[in-house]
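S.K.: According to Swiss-Prot, the feature disulfide bond maps to CYS118-CYS130, CYS279-CYS312. The domain 'LRRNT' annotation in Swiss-Prot covers 106-143. Sequence annotations record features per position, and here Swiss-Prot assigns O-linked glycosylation site to THR60, SER64, SER96. Taken from Swiss-Prot, the feature N-linked glycosylation site covers ASN283, ASN302. If you look up Swiss-Prot, you'll see 64-101 marked as region 'Disordered'. Marked as repeat 'LRR 1' by Swiss-Prot: 144-165. Annotated repeat 'LRR 2' per Swiss-Prot: 168-189, in sequence order. Swiss-Prot lists 259-280 with the feature repeat 'LRR 5'. According to Swiss-Prot, the repeat 'LRR 6' annotation covers 290-310. Feature annotation from Swiss-Prot assigns signal peptide to 1-19.
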Amino acid sequence: MKTLAGLVLGLVIFDAAVTAPTLESINYDSETYDATLEDLDNLYNYENIPVDKVEIEIATVMPSGNRELLTPPPQPEKAQEEEEEEESTPRLIDGSSPQEPEFTGVLGPHTNEDFPTCLLCTCISTTVYCDDHELDAIPPLPKNTAYFYSRFNRIKKINKNDFASLSDLKRIDLTSNLISEIDEDAFRKLPQLRELVLRDNKIRQLPELPTTLTFIDISNNRLGRKGIKQEAFKDMYDLHHLYLTDNNLDHIPLPLPENLRALHLQNNNILEMHEDTFCNVKNLTYIRKALEDIRLDGNPINLSKTPQAYMCLPRLPVGSLV
C-alpha cells in the first residue's frame, strides 16, 4: 500500500517538473547595460514627465446674482489735490504748519529766522527761558508770557516793540548781555511788570520805567551823572529793592520811595550826602522803618561828616567813616 502511494506521488512531481517553463539566463554584465552613470540622475527627474490629468486653474468667482463691481466712486480732482497737499505738508507738534506766518501754539511765535521761539528756548507754562543761546536780539514771545529770562546772550539793544504786546509780563531778566541802548518806551507800557534785572551790561542811560516795579537791579553797568532821570523812582510806591552797584553814579537818586527796604550803591563815585537824603529834617520824630539795608561802601564819601542824615534810619549805612 505504501509502495503504491509513493509511486503516485512521484508521478505527480515528475509531471509538474516537465510542464514548467524554462528560464532564460539574465546577463548583468556592464557591456550589455545601456544606461551610463552620467544619466543616472535623469532617471529620477519627473519635472518634464507629461501628466495626463488636466490642470485646473484656481480662481475666485463672484457669487451668482448681483455681480456689480464694488469700486469707490472717483473723487473730484480738486479734492484729491487738497488731500495730496495736506499729506505732503509737514506738521509740528501741535498740528500747525511751519509755513504759517503767525504761530500761536504751544511753541510760540516765530523768530526772525522763522523758527518757533519755544523750540529755540524753553517754555514752561507762562515762563520762557532763553539763557545762553547766543541771541543778538529778543525773540518774539508768546502773548501769555509772564516771566522772561534771556541771560548770558549777546543782545545789544532793547526795542520798544520787543515787549509791546505782553500785558501779562511780570519779570524780565537780561543779565550778562551786551545791552548799551534801550528805547524810551521799551518798559513803560507794561502794566504788570514787577521785577527788572539788567545787571552786567553796558547801559549808560535808563529809559522811563513803569511805576509798578518792586525790584530793580541795574548793577555793573555804565550809569553816570545823567544816566538816571530826575525823580525816576519817586512814584514807585511798591519798590522794595534798588540795586545800582558798580556804576559811575556821583549822587544818590532822589527822592526814594517810602517803602524801599534795600538800597545798594557800593562801588560808585558818590562824594556827598545831604541831611534830607533819607530823613525829613522838618519832622524830627520821623522814622524810616522799612529802609534797613543801605550799602555805600566802595565810594569816596565819608559818612561821618553827615551824622544827621541817618537819625531816622533803623540801621546805619555800610560805608567808610574816615
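Here the Cβ of each residue, glycine as well, is placed from N, Cα and C on the backbone.
From a predicted model like this one, the values you see are computed outputs, not experimental measurements.
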S.K.: To the nearest whole angstrom, state the Cα distance for the pair CYS118 (disulfide bond) and CYS279 (disulfide bond).
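M.R.: Here the two Cα atoms lie 49 Å apart.
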S.K.: Whole-number Å distance between the CA of CYS130 (disulfide bond) and the CA of ASN302 (N-linked glycosylation site)?
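M.R.: With the alpha carbons as reference points, the distance is 43 Å.
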S.K.: Express the distance between the Cα positions of ASN302 (N-linked glycosylation site) and CYS279 (disulfide bond) as a whole number of Å.
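M.R.: About 18 Å separates the two Cα atoms.
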S.K.: Only counting partners 6 or more residues apart, tell me which same-chain residues put their Cβ under 8 Å from the Cβ of ASN283 (N-linked glycosylation site).
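M.R.: When sequence neighbours closer than 6 are ignored, ASN283 (N-linked glycosylation site) has nothing within Cβ distance under 8 Å.
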S.K.: Under 8 Å Cβ-Cβ from CYS312 (disulfide bond), six or more apart in the same chain: what's there?
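M.R.: The answer is PHE278, CYS279, ASN280, TYR286, ILE287, ARG288.
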S.K.: What is the total of other Cβ atoms whose distance to the Cβ of CYS279 (disulfide bond) is within 10 Å?
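M.R.: So the number of other Cβ atoms within 10 Å of CYS279 (disulfide bond) is 19.
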